[in-house]
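See structure below.
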Amino acid sequence: MEQQRTEATESLLVRQGNDNLVYNEENGGLGDGGSVAVSDVTTILGLSTFVAACISFGSGCAVGYSSPTESSIVEDLGLSVAEFSVFGSILSIGALLGSAVSGKITDLLGRKLTMWILNLFYIGGWLAIAFTKAPIYIAEITTKHVRGRFTTILQVMVGSGASFMYVVGSFVHWLTLALLATIPGLLQLLLIFFIPESPRWLANVGREKELEAALLCLRGDKADISDEATEIKNHVESLKSFSRGGIVVDIFQKKYVRPLLTVVGMMVLTNLGGINAFVYYSGAIFVSAGISSMVGLITLAATQTVVGILSSTIIDKLGRRPLLLVSSAGLCFSSFLTGVTFFLKDFNWWDQGSPILAFIGLLMYMGSYALSAGLPGLLVSELFPINVKGSAGSICNFMGNSTGWVVGYYFNFLTEWSSAGIFFTFSAFCCANFFLIATMVPETKGRTLEEIQASITPSSD
C-alpha cells in the first residue's frame with residue numbers, strides 16, 4: 001500500500017514537499033511519521049483554495065465595477081439610461097451564456113481545466129467569470145470539518161473584489177480600473193497548474209490511481225486516505241448503476257426534484273430580491289438618497305468585507321441554515337427600510353433623517369447578503385452527487401442569472417416608476433426566500449458529501 005501511495009504521489013506535477021508536519025483536527029496535534037490520520041488543512045489545499053480565490057476576487061471586481069464608474073462612463077461615452085443599463089447588466093448576460101454550457105464542460109474536462117479555460121475569457125472580456133466552478137472544486141477537495149469555511153472564503157473574495165472596485169474606483173479612471181481587474185485572472189492562470197484535480201471528478205471518470213494521488217496531495221503524503229478513497233469510489237459506482245444514460249437526463253430523476261427546486265428557488269428569489277441592483281448601482285442609490293457616493297461605497301466595502309470574514313469563521317460551527325435565515329431576514333428588513341427612505345423622500349418628509357435611513361438600509365442589505373452570499377453555490381456542491389452536479393449547477397445558475405439580468409437591466413427604469421415601490425417589491429421577494437429556506441433547506445454541516453447525498457437522494461426512486 002505504501003509503495004502504491006508513493007507511485008501515485010509522484011505522478012503529480014506538484015509535490016507537497018516538506019509539508020509532512022500537518023495539523024490533525026481529530027488527534028489535536030501534529031503528525032510526523034507512521035500512519036497519520038487525514039489532515040483537514042495542508043499546504044496544497046491552501047494553494048488550491050488561493051487559486052480558486054483569485055478567480056473569486058476577479059468575479060467581485062467584475063460585479064463591483066459598474067457602481068463607482070457609472071457617472072464617469074456615462075459622461076465619457078455619452079450613454080443613455082438604457083445603454084448604461086445594458087452595460088451594468090451585461091455580466092448577467094455572460095453568466096447566462098456560460099451557465100448553459102459550463103456544467104457539461106466541467107463534467108467532461110474536469111474542474112481545473114474548466115476554470116483555466118473560462119479564465120481566458122475572463123481576462124479577455126469579463127464574461128465567463130460569473131459561472132466558473134470554483135465552489136464545486138473547493139467543496140470536493142476539502143474535508144467535512146472545513147468544507148463550509150473554505151468554500152465561503154471564495155465568496156469573501158468576491159466581496160473583497162467588489163470592495164476593491166468600490167474603493168479604488170472612487171479614485172482612478174474607469175479604464176485603469178479595468179486593467180487592474182485582470183490581475184487576479186493572470187495569477188490564477190499561472191498557479192492553476194500547481195494544484196490537483198478534484199478527487200471526486202477523477203473517480204467519476206475512472207482515473208483511480210490519480211484519485212489516490214490527488215487525495216494524498218491534499219491530505220498530506222503520510223495521511224491514511226484509504227477509507228476516504230473507498231467511500232468516494234463506492235459512492236460514484238452506486239451512482240453509475242442508477243444512471244439513466246446521460247448527464248443532462250439524470251438530473252430530471254424524481255429524487256433530485258426537491259433539492260433542485262430548493263436551490264433554484266433560493267437563487268431566483270435572491271436575485272428578485274434586488275442583489276444585482278444594489279451591487280451594480282449602489283453608488284447611484286447613495287447619490288439619489290442624498291449621500292456622498294465615495295463615502296457610501298468605501299463604508300459599504302468595509303462592511304461587506306468584515307461580515308464576509310465573520311461568516312467564513314462561523315459557518316462550520318453554526319451551520320448553513322441559521323446563516324441563511326438571518327441573512328434573508330436582514331435582506332427583507334433592509335430592503336423595506338430603504339423603501340421607506342425613498343417614500344419619505346418622495347413626499348419631502350424628514351429630509352434630514354431619510355439619508356441616514358438610506359445609509360443604514362444599504363449597509364444592512366449588503367452586510368446581510370455577505371453573511372450567506374456563497375451558500376446557495378455551496379449547497380449545489382453538497383446536495384447533488386458527482387454525476388449530476390454539473391447539470392444541477394448549470395440549471396441553478398441559468399435560472400438565477402436570468403432573473404438577475406432582469407433586475408439589473410430594468411432597475412433604472414423601475415426607479416423612475418417608483419423608487420419606494422421597487423425596494424418594497426425587493427423586500428417581498430426576500431421575505432418569500434426566508435420561508436423557502438425555513439421549510440425546504442436541510443442542514444449539511446459536519447457530514448461528508450457522500451453522507452449528505454445518500455440521506456437526501458436515496459439510490460432508488
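Glycine too: its Cβ is placed from the backbone N, Cα and C atoms.
Caution: TrEMBL annotation is automatic and unverified by curators.
What TrEMBL annotates here:
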DOMAIN    1-445  domain 'Major facilitator superfamily (MFS) profile'
TRANSMEM  44-65  transmembrane segment
TRANSMEM  77-101  transmembrane segment
TRANSMEM  113-138  transmembrane segment
TRANSMEM  150-168  transmembrane segment
TRANSMEM  174-195  transmembrane segment
TRANSMEM  260-279  transmembrane segment
TRANSMEM  285-311  transmembrane segment
TRANSMEM  323-344  transmembrane segment
TRANSMEM  356-380  transmembrane segment
TRANSMEM  417-438  transmembrane segment
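Taking every listed stretch (44-65, 150-168, 260-279, 323-344, 356-380) in turn, the largest tally of C-beta pairs under 8 A with the transmembrane segment (285-311) is reached by 356-380. Within the chain carrying the transmembrane segment (417-438), a Cβ under 8 angstroms from the stretch's Cβ atoms is held by residues 262, 265-266, 269-270, 272-274, 277, 288, 321, 324-325, 328-329, 331-333, 335-336, 338-343, 345-346, 411, all 6 or more beyond its ends.
Counting Cβ pairs under 8 Å to the transmembrane segment (356-380), the top-ranked stretch among 44-65, 150-168, 174-195, 260-279, 323-344 is 323-344. Here the listed stretches are 150-168, 174-195, 323-344, and the one with the most C-beta pairs under 8 angstroms to the transmembrane segment (260-279) is 323-344.
Averaged across the domain 'Major facilitator superfamily (MFS) profile' (1-445), the predicted model reaches a pLDDT of 76.
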